[in-house]
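Listed in TrEMBL for this protein:
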DOMAIN    B:269-385  domain 'ABC3 transporter permease C-terminal'
DOMAIN    B:663-777  domain 'ABC3 transporter permease C-terminal'
TRANSMEM  B:20-40  transmembrane segment
TRANSMEM  B:266-285  transmembrane segment
TRANSMEM  B:317-337  transmembrane segment
TRANSMEM  B:357-381  transmembrane segment
TRANSMEM  B:434-452  transmembrane segment
TRANSMEM  B:655-675  transmembrane segment
TRANSMEM  B:702-733  transmembrane segment
TRANSMEM  B:753-771  transmembrane segment
Ligand SMILES: Nc1ncnc2c1ncn2[C@@H]1O[C@H](COP(=O)(O)OP(=O)(O)O)[C@@H](O)[C@H]1O
Ligand SMILES: [Mg+2]
């Protein structure tokens, strides 16, 4: 059996189409201040940003520049100190705890730097944990096949390599068919070759399912596969760069 | 099965030893709870059923002699339902081949019947035949002790005449569930029994034809017992009535009631300890698990699991562990309850035992366990529930260590680096360290209770029979006899000392409180009965006034210097006011002592004695027994020491059972606390210890750092535990106090030593198990992974 999503993605240079300019996220004047004992840490100092439907955006910045903070706020994991975040028409900053839970449950997929799989569950079960509570999931087996792990279904995380674990994490994130996929340094803990495999999986999902994807990295090389690159410096957006010509993951070097 | 539930099962399996150790503590709580409450219910239901089936009376009264016509008037007292009149005598028994003195109560029984009230329960053989004047039924325990069967013969000295009697069956009676001789403390089935005999021969032997000397009655519903007692006493007064009393003063009933009360105390005290410890360990284990799974919790939340779902996830884990404990505890508790009920059936003469395990008890055990577990882990579960997902993704901030006390005192050079690590670790979390210590000390304390019972009984016997009552034999006359009769006792070969005493039943009153007991008239500076003060030094009995048992002073709220009124329930029944001159330490019974002459003056009886205490040369003991048996005036002879010995034989098995159970339960607490604490310490300090291994520390050095902490806490816990154990025993002794007996708070050194030893062994076993884990410290992982 050959899943349609398994064919190689070719048309990377296609310009963003009109529908892609519909804003999925609308971020306005967002700041985030952490209180660390006596000191205040200004992680975000006033962010204005739109993310468009179907786009593959990369958030690029040095360590400590506020990337994770921003992504967590987009994903409803954290609330900004001031400012508003709209998901479509919904203002996430006004949402209650249970509305945020529903938002994460039905709309968002996460991929983390350290995979964060549940060690006591197999690959299949790690995906099932999520599909069991979503509305229109694809089967865990299918999701794992999508990331090339159809033959590792019953392995426990400890029996998988880092790259394989991260691909399980991606399968877990996409199995619910989320509207947005938020990835925090998905290749951060991987060597470049394994990283490329993971990025290919992400890109395939973005292309085939049309999932709006935001990927955090501090690695400028990866930025070249994005539609847009959003540069963060010290809690502020310093530059937004649109890639006229996107590279395929296997063309990337870092 | 849901994927998350699979996670739960696998994690439970992964921590199975820990879960088991916790479940064991819960098993302890649940099983004691079920055991004691089901024993209480069983004993209660059995007693009630027995009383009902065999028409156990509500009121009891003895008198000298009254014509049968009086029963009509008794029946007319409002509230009286049924009246049963009997002839009862206290006699000496002679069993062939057994030389010790044996006494018995001889009770009349209507022909071919089991009686009107207090019906006997025929265990074997048959009822007495019409008019047979030499047939008897024997109380089962007594018959068994002497291997007397239907057809066996024995002889009794009935009103001075030796009579040969033939056993026709074995019986039990609701009146003698607890079967002890008058004035005795422990049952002794070899030396005291109940004998039922046909009315006619018994009455004629005692000149009771057409008369009775004992009456029992049942009351109709809603009648006032005290009114009936008052009217009955009034009726019996001219006939030498010694005062009627209800069930609550009936000896056998009283002992059973005390037993029920004690079981109820046990059912509350011990489960509280066990559930408390279980809650603490559960809290520690769950907190650790949740902090280990911070990131997993964050991921679950990131993917849309609600706070409640996450909290409930860990709640389920707690419930699973608790369920294991509850289910096993119900099983073991039921088993122990049945065991206890059987011990009771042996110890008490009950014809049957209805084992009752009420569903409410089981449900209460389950609900209490679950509630305690949830309350204990609520904080940890809440932490999981409210953990903000974004924060969960970040590693936990490193633990904050501060310079410790010894460092602030500048003593650090005295300790090696590893020792400093140990102390620093303890100081960093003082509450947890304290609770761990407390948990271990609870184990130590619990274990002391088993040994305490044995030691207390030893002490009680030593004081009562070694220091206070120092006679070898007590001879009781059929009726008050002239003091001169003591000469014939003194003249027996082998008798070294004789002291006569006079005992009369009396009602003691102070303010609105009263108590029924007997007043003992004794020789002022006697050797065979010495009154002891709190320091166990002998006290003089003054010429004026009385010395009373210390517990009686508490009961009546009376103190030396106050005036006690004594209403004598015999003869011309005088009521007098006497000065309380002092109190005497006594562990058994409740007594009032005055000089014999003073008592006799009060009774206007000249110099009469009710009986005598004898000190006998062991070499002539047998001869003395025989001589006493042949003295017509002597109704019975009691030998306390052998009674105690036989009591010990009966109790040995029971005490062993209790010691076994309390050791098992105590060590389950010790193991539960220590093993879990060590496991958690290992998990928390895994990386630290692996790093030390990388740096070249040996396994033993690493083990020292890890286990030293628990070792130190265990050593701290032992003295605390011995203190707690002492307090626990004091509490139980206080709760078990009654006018029947007081349990002295005496703890032998070996009780302390044993408790400490079991704790240390539990700690060593835990340490050995952890030592094996230390072999698998992953040094490579430390070098590679994050954090
Ligand atoms: N929970 C927190 N508490 C305190 N400070 C935080 C917290 N999360 C992030 N920070 C601080 O905020 C800043 C931005 O962090 P982060 O968004 O994680 O950066 P990046 O992902 O770009 O490395 C950093 O200085 C970090 O230390
Ligand atoms: Mg980051």
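FYI, residue positions are counted from 1 along the chain as it appears here.
Cβ atoms here come from the backbone N, Cα and C positions, even for glycine.
Curation does not apply to TrEMBL; its annotations are automatic.
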Within the domain 'ABC3 transporter permease C-terminal' (B:663-777), residues counted as helix, strand or coil by DSSP
96 helix, 1 strand, 18 coil
Same-chain residues at least 6 beyond the ends of the transmembrane segment (B:434-452) with CB under 8 Å of its CB atoms are 270, 273, 276-277, 280-281, 284, 655, 658-659, 661-663, 665-670, 672-674, 677, 710, 713-714, 716-718, 720-729, 732, 747-748, 750-752, 754-756, 758-759, 762-763
Using DSSP, break the domain 'ABC3 transporter permease C-terminal' (B:269-385) down into helix, strand and coil residues and give each count.
101 helix, 0 strand, 16 coil
If you average the pLDDT over the domain 'ABC3 transporter permease C-terminal' (B:269-385), what number do you get?
91
